Amino acid sequence: MNIRKPLCSNSVVGACTLVSLTTAVILGHLMLRELMLLPQDLHESSSGLWKTYRPHHQESYEPAPLHIQEHAEQLRAVPTQCDVTPNSRFDCAPDKGITQEQCEARGCCWVPAGQVLNGPVMGQPWCFFPPSYPSYRLENLSSTESGYTATLTRTSPTFFPKDVLTLQLEVLMETDSRLHFMIKDPTSKRYEVPLETPRVLSQAPSPLYSVEFSEEPFGVIVRRKLGGRVLLNTTVAPLFFADQFLQLSTSLPSQHIAGLGEHLSPLMLSTEWTRITLWNRDVAPSQGVNLYGSHPFYLALEDGGLAHGVFLLNSNAMDVVLQPSPALTWRSTGGILDVYVFLGPEPKSVVQQYLDVVGYPFMPPYWGLGFHLCRWGYSSTAIVRQVVENMTRTHFPLDVQWNDLDYMDARRDFTFNQDGFADFPDMVHELHQGGRRYMMIVDPAISSSGPAGSYRPYDEGLRRGVFITNETGQPLIGKVWPGSTAFPDFTNPETLDWWQDMVSEFHAQVPFDGMWIDMNEPSNFIRGSQQGCPDNELENPPYVPGVVGGALQAATICASSHQFLSTHYNLHNLYGLTEAIASSRALVKTRGTRPFVISRSTFAGHGRYAGHWTGDVWSSWEHLAYSVPEILQFNLLGVPLVGADICGFQGNTTEELCVRWTQLGAFYPFMRNHNDLNSLPQEPYRFSETAQQAMRKAFTLRYALLPYLYTLFHGAHVKGDTVARPLFLEFPEDPSTWSVDRQLLWGPALLITPVLEPGKTDVTGYFPKGMWYNLQMVPVETLGSLPSSSPASSFRSIVHSKGQWLTLEAPLDTINVHLRAGYIIPLQGPSLTTTESRKQPMALAVALTESGEASGELFWDDGESLGVLERGAYTLVTFSAKNNTIVNKLVHVTKEGGELQLREVTILGVTTAPTQVLSNGISVSNFTYSPDDKSLSIPVSLLMGERFQIDWS
């Protein structure tokens, strides 16, 4: 073991012992269980909290002399220790506002922001830790087969109650690109998130990182071996580990930070004293508040195109504070500290390494990528039928019809009313006969107000003990849409079986195809319960993060209520995830096909089971624009099936807004139009013919691109790729892409530049270096059964970019979509449903580089069966273009996909007019070449599942 003295910032008394670690571990594979854990199993199979920290270039500090008294409140900071750069000050009063006397009694420094020479800074703490503030000391460091262990000791308590004075540190060098360390209480078992994480038994052979420890104050320093950049340095502020307050700070190597969802903000988070609160909450999206999901993972971009990520697996209420130094502080109200650091080195790899831990996204059924339509206010089957008929008559594709609460009897789950929905089952059968699917809302809260025997879900749930209980052991009763309600405990194995039974029984009446699970933060219309909440430390913790409403019980249930695995205090942020797991499981066992679940509440690992929509957004240009970074954020978090309510949910949309939102929504991975009961209807056919034509053009483009989109989801499912991705994921070495969040990519090949402001007929977007072809050059409508739209207005066919911002024409009927040179994408004739579009002929769009090369692939299966990869029931074909020749490679071919007909190949970037075109050696005479666009269109008659070769000269 190599021990050395660190380079400290001051020449003062104390040791900064650094131990350099260069060991590593074999990659394990994560499996997130269905939470069917017995209490005795939990200790061995849970991994606890994953914590994230961003690295920083500064060296770890060395403590100055400090005269330690018996109690923390008697400490006094040495005046010279308070000379800390304002942006590097770490808050010593996170729990409450305090006076100078109270601050100094904590042993901290007091410097009002107004007294700083550079002027006041909003958010800058007045009371902050001196570098000498006592922390833990590292002792008994020893090697293990997979890393290191050590003991951490603290000699004086902090100002939070129930400090844990002795801690255990375990460091695991799990893979070459993944470091894992945990800080626990060795004498008392604490709650750990029930996520089964990779188990690694040996050290990685060639890690990309080195690990060092500061002995006193204790800290972990993680460096990137290549260049020595510090990625994580926890010595910048003292470690806290009390029963209900855990705090860990780290420096960051840059101010370019993304992640930490869910929030309404730009893609890159501000480090100007920004607090992000993670405590799932039913609240309409707005800036600066905790929203529906909690994802304690961040990705940091570094100079030179490198990136790393950090994940803190902790489901307790927490704040994450970003400050300008730059630095980050985690403050959690419970659990343990369990930190994963992902070394990348490029951003794309960071996301994949994170998903190696939390799980790769599920593969959605093909129909789930079509258009979904819903509205709160479809109050009868007659209205729903009319909506579907109107969509068909006006030639708008519709794959999935939804219902909100309207279908229910007294707004109770697993019922339908006999007034407007007496023939509900018949309506769903009719949708199926038309090649469509059906989904409806299901809230978790179960009505408890009826007499015994009147409502089977509650009666059966009560008998089987599936509900969350209060301090007396009785079901906690809150209030949601049906009135008095109980809340299922989805961490209880019995609840999973009960939920499956309820889903199966209702499906036997109404054969729905997917589930929309809403209100699952869980939402509660009263605070806590009808009886209130007990006055205890879980309801009134010593530290309350910045939650909307100021209390953990606000708009949800009591924190001290009891669930199978732990208290709701610990499990709250997992409620939506556990319901998604239960719903996915129930659909698999009920329908026997691929599940399709869309959930409002999410947590880390959610994408493995379900998709997400962004909640009750407003019909406003602001929320239209914010939807882009939110879609990108969730793709980075491993939830690629995500979308916002097209045209907005709350408030009345306008025609222009709805057209522009539909154009952008055509490139949401999950495409749904949905709005509120009190807002004007906004189905596409409600607007003028001009608006309808513009929207229909966007629909046509999406449906033509579905084979490419489906192939992207396959990549997400098997490799951890993103579907919609920020530009920096493909171009990390171009700093101009880092903050772009008004554009998005579909995979590596398509760049979408939407109009996000009113009254605009042009749009400005960033084009990374290279050639970009306008997708309007590729004819798609002739392949399908939809009517042709009006001819496209003049457009710039090819963009030759040096890496620059460009202004493009964008009339109301146009969304700019560009195909990146070097890629081949599959297309298919668009139709009114995916049932029909999957039968249409296919095409290839080939975008050549200046050297005349391109590549791509197509994944295809039956679109809904389970286990297609395991059974080999799929087709995977790759395409490549080089030297004026296009060939395919049959990676794996079955009947599903092998018989797809290829009818058109459009080649972009053909600089010289060809005189001869061959398809499998046979001359093609009816090709067309455009000298203006440099495009070559070749009609062919080929099968995707057979080898082919296309030549031109």
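Positions of Cβ are set from backbone N, Cα and C atoms, glycine also.
Since this is a predicted model, take the numbers as computed values, not measurements.
Taken from Swiss-Prot, the feature substrate binding site applies to ASP404, ARG600, ASP616, HIS674. Annotation note: ARG600 (substrate binding site) sits in a coil segment as assigned by DSSP.
Within 10 Å of the C-beta of CYS109 (disulfide bond) there are 26 other C-beta atoms, taking all protein chains into account. Positions annotated as disulfide bond by Swiss-Prot, on the basis of sequence analysis: CYS82-CYS109 (among others).
In the three-state DSSP assignment, the secondary structure recorded for CYS92 (disulfide bond) is coil. Per Swiss-Prot, disulfide bond is recorded for CYS92-CYS108 (among others), and the stated evidence type is sequence analysis.
Sequence-distant neighbours of CYS127 (disulfide bond) (same chain, six or more apart, CB under 8 Å from its CB) are ASP91, CYS92, ALA93, ILE98, GLN100, CYS103, ARG106, CYS108, CYS109, TRP110, listed in sequence order. Under the three-state DSSP scheme, CYS127 (disulfide bond) falls in the strand class. As annotated by Swiss-Prot, disulfide bond applies to CYS103-CYS127 (among others).
Feature annotation from Swiss-Prot assigns disulfide bond to CYS533-CYS558 (among others). The DSSP secondary structure for CYS533 (disulfide bond) is coil. A 10 Å cutoff on Cβ-Cβ distances gives CYS533 (disulfide bond) a total of 22 other Cβ atoms nearby, all chains included.
Taken from Swiss-Prot, the feature disulfide bond covers CYS647-CYS658 (among others), and the record attributes it to similarity to another entry. A simple way to gauge crowding: the CB of CYS647 (disulfide bond) has 30 other CB atoms within 10 angstroms, across all the protein chains here.
The Cβ of ASN140 (N-linked glycosylation site) has 11 other Cβ atoms within 10 Å, all protein chains considered. What Swiss-Prot lists as N-linked glycosylation site is ASN140 (among others), and the listing cites sequence analysis.
The N-linked glycosylation site annotation in Swiss-Prot covers ASN233 (among others) and rests on sequence analysis. Around the Cβ of ASN233 (N-linked glycosylation site), the number of neighbouring Cβ atoms within 10 Å comes to 28.
Following the DSSP three-state reduction, the secondary structure of ASN390 (N-linked glycosylation site) is helix. Annotation source Swiss-Prot lists N-linked glycosylation site at ASN390 (among others), citing sequence analysis.
Around ASN470 (N-linked glycosylation site), the C-beta neighbours below 8 angstroms that are at least 6 residues distant in the chain are LEU476, SER529, GLN531, CYS558, SER561, HIS562. Sequence annotations record features per position, and here Swiss-Prot assigns N-linked glycosylation site to ASN470 (among others).
For ASN652 (N-linked glycosylation site), the count of additional Cβ atoms within 10 Å of its Cβ stands at 15 [all protein chains shown]. Taken from Swiss-Prot, the feature N-linked glycosylation site covers ASN652 (among others).
Positions annotated as N-linked glycosylation site by Swiss-Prot, on the basis of sequence analysis: ASN883 (among others). The C-beta environment of ASN883 (N-linked glycosylation site), restricted to residues of the same chain at least 6 apart in sequence and closer than 8 Å, consists of GLY852.
Residues or ranges marked as N-linked glycosylation site by Swiss-Prot on the basis of sequence analysis: ASN926 (among others). A coil conformation is recorded for ASN926 (N-linked glycosylation site) in the three-state DSSP classification, outside any helix or strand. Cβ neighbour count for ASN926 (N-linked glycosylation site): 8 (other Cβ atoms within 10 Å of its Cβ, all protein chains included).
The feature signal peptide is assigned by Swiss-Prot to 1-27, with sequence analysis given as support.
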Coarse DSSP state, helix versus strand versus coil, of CYS658 (disulfide bond): helix
Between CYS647 (disulfide bond) and HIS674 (substrate binding site): CA-CA distance (Å): 8
Rounded Cα separation (Å) that holds between ASP616 (substrate binding site) and ASN233 (N-linked glycosylation site): 39
CYS558 (disulfide bond) in three-state DSSP notation: coil
Whole-number Å value of the largest CA-CA distance among ASP404, ARG600, ASP616, HIS674, listed as substrate-binding: 14
CYS103 (disulfide bond) in three-state DSSP notation: helix
Cβ packing number for ASP616 (substrate binding site), 10 Å threshold: 20
CYS92 (disulfide bond) CB neighbourhood, other CB atoms within 10 A: 26
CYS647 (disulfide bond) and ASP404 (substrate binding site), distance between Cα atoms, whole Å: 17
Nearest of the recorded positions (CYS82, ASN233, ASN390, ARG600, ASN926) to CYS658 (disulfide bond), judged by Cα-Cα distance: ASN390
By Cα-Cα distance, the member of recorded positions CYS82, ASN233, ASN926 nearest CYS533 (disulfide bond): ASN233
